[in-house]
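A.B. asks: What TrEMBL shows for this protein is this:
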- 7-26: transmembrane segment (TRANSMEM)
- 11-297: domain 'Sugar phosphate transporter' (DOMAIN)
- 38-63: transmembrane segment (TRANSMEM)
- 75-93: transmembrane segment (TRANSMEM)
- 99-121: transmembrane segment (TRANSMEM)
- 133-154: transmembrane segment (TRANSMEM)
- 160-180: transmembrane segment (TRANSMEM)
- 192-211: transmembrane segment (TRANSMEM)
- 223-245: transmembrane segment (TRANSMEM)
- 252-273: transmembrane segment (TRANSMEM)
- 279-299: transmembrane segment (TRANSMEM)
- 333-360: region 'Disordered' (REGION)
Amino acid sequence: MINKPLVLTYLYLLIYVLLSSGVILYNKWVLSPKYFNFPFPITLTMIHMAFSGLIAFFLIRVFKVVAPVKMTFEIYATCVIPISAFFASSLWFGNTAYLHISVAFIQMLKALMPVATFSMGVMCGTDKPRCDVFLNMVLVSVGVVISSYGEIHFNIVGTVYQVTGIFAEALRLVLTQVLLQKKGLTLNPITSLYYIAPCSFVFLFVPWCLLEKPGMAVSQIQFNFWIFFSNALCALALNVSIFLVIGRTGAVTIRVAGVLKDWILIALSTVVFPESTITGLNIIGYAIALCGVVMYNYIKVKDGRASQLPTDSIPERLTKDWKLEKKSSDIFTPISTSDTNGGSGGGNFNGSELNDEEAPLLSSRLSHIGRSQLSNHTA
């Protein structure tokens, strides 16, 4: 007897892996001078933001698929705007890195994401310094350094862009937890794009005017509508697949899928872009870094299980939250201060497990459920 829910879950995971890898490879192909030759990463990112924001507007305001969040000006000014700024920065720097370094090396550098997230969490007070996590971070850093040393086409400019984008994304994730989750605001990918994408577009407009507009005015590059439309559509589809994956799997499955996706993407990039050469030192360094990432994921999942109530399983809590969401449509509801002291050290699922270029504000659905039930239980 075929287990249809399980098959559907694996299908969603497969779609997520394919779309995530496809968006990254597509962006590289569009931006690379050797292929489509559109060397304007800010422009490409602005196209994605404009398209996603427009689709989210129609889904929310016209077709009423999802109800908008009750957003106040104070929340928008103090939460959405700073988060949008770092979201725009992470996309800008990440896409610019494609002009200088290979997709395979970029994925190896992305192993630094737990290091950046943990560092920013400690600095912002959402995470506590821990010896075991610190040792994992050292292991990841050593692995990335070895992998970088073995990179044949090492480019300092591209590396700086990518690392800066990683830390900007880490700060965005921490700010999401500090600013929005502590206010009790839960956004799904559609509502988050509705609020985040237009604001990110505005933030990107200023550097675009200074850095890319003059070059575009004198360049002979022709604008291909179907290329950019399909590229933006893939980015939007990735957001939808993330929403489906979060709704059907737990943190363990998503973390494992993320690691698998990175290996698949590294292998695919060498096939799609033959000039992307991988050395043995690359693989050794990345394997060392990956050991640290896997150990870090194990610690986070273990902490998350310890903080969850044993009465309901993750799928049951997701089902209850989904039914509640269908009724309330992500209405702003404040959470008591006792619910917000867990920090990311408590096994929060805040979107860093997915770590995709176009992933919007991914709220901590699993940790939000756990904190809410814990609050009700202790009350």
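Just so you know, glycine gets a Cβ as well, placed from its N, Cα and C.
The model shown is predicted, which means the values in this text are computed figures rather than measured ones.
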A.B. asks: Within this structure, do the transmembrane segment (279-299) and the transmembrane segment (7-26) have 3 or more Cβ pairs under 8 angstroms, counting pairs 6 or more apart in sequence?
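C.D. replies: Contact criterion not met.
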A.B. asks: Is the transmembrane segment (99-121) in contact with the transmembrane segment (252-273), using at least 3 Cβ pairs under 8 Å (sequence separation of 6 or more) as the test?
C.D. replies: yes
A.B. asks: With pairs restricted to those 6 or more apart in sequence, evaluate whether the transmembrane segment (160-180) and the transmembrane segment (279-299) have 3+ C-beta pairs under 8 Å.
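C.D. replies: Contact between the transmembrane segment (160-180) and the transmembrane segment (279-299): absent.
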A.B. asks: Is the number of Cβ-Cβ pairs under 8 Å between the transmembrane segment (75-93) and the transmembrane segment (133-154) three or more, considering only pairs separated by 6 or more positions?
C.D. replies: no
A.B. asks: Before we move on, state whether the transmembrane segment (279-299) and the transmembrane segment (99-121) share at least 3 Cβ pairs under 8 Å, counting only pairs 6 or more apart in sequence.
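C.D. replies: Yes, the transmembrane segment (279-299) contacts the transmembrane segment (99-121).
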A.B. asks: Which one of these stretches, 38-63, 99-121, 133-154, 223-245, has the most C-beta pairs shorter than 8 Å to the transmembrane segment (192-211)?
C.D. replies: 38-63
A.B. asks: Is the transmembrane segment (38-63) packed against any residues at least 6 beyond its ends, judged by a Cβ distance under 8 Å, and which are they?
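C.D. replies: Apart from its flanks, the transmembrane segment (38-63) reaches 27, 30-31, 88, 91-92, 95-96, 98-99, 190-191, 193-194, 197-198, 200-201, 204-205, 207-208, 211-212, 215-216, 221, 228-229, 231-233, 235-236, 239, 358, 360.
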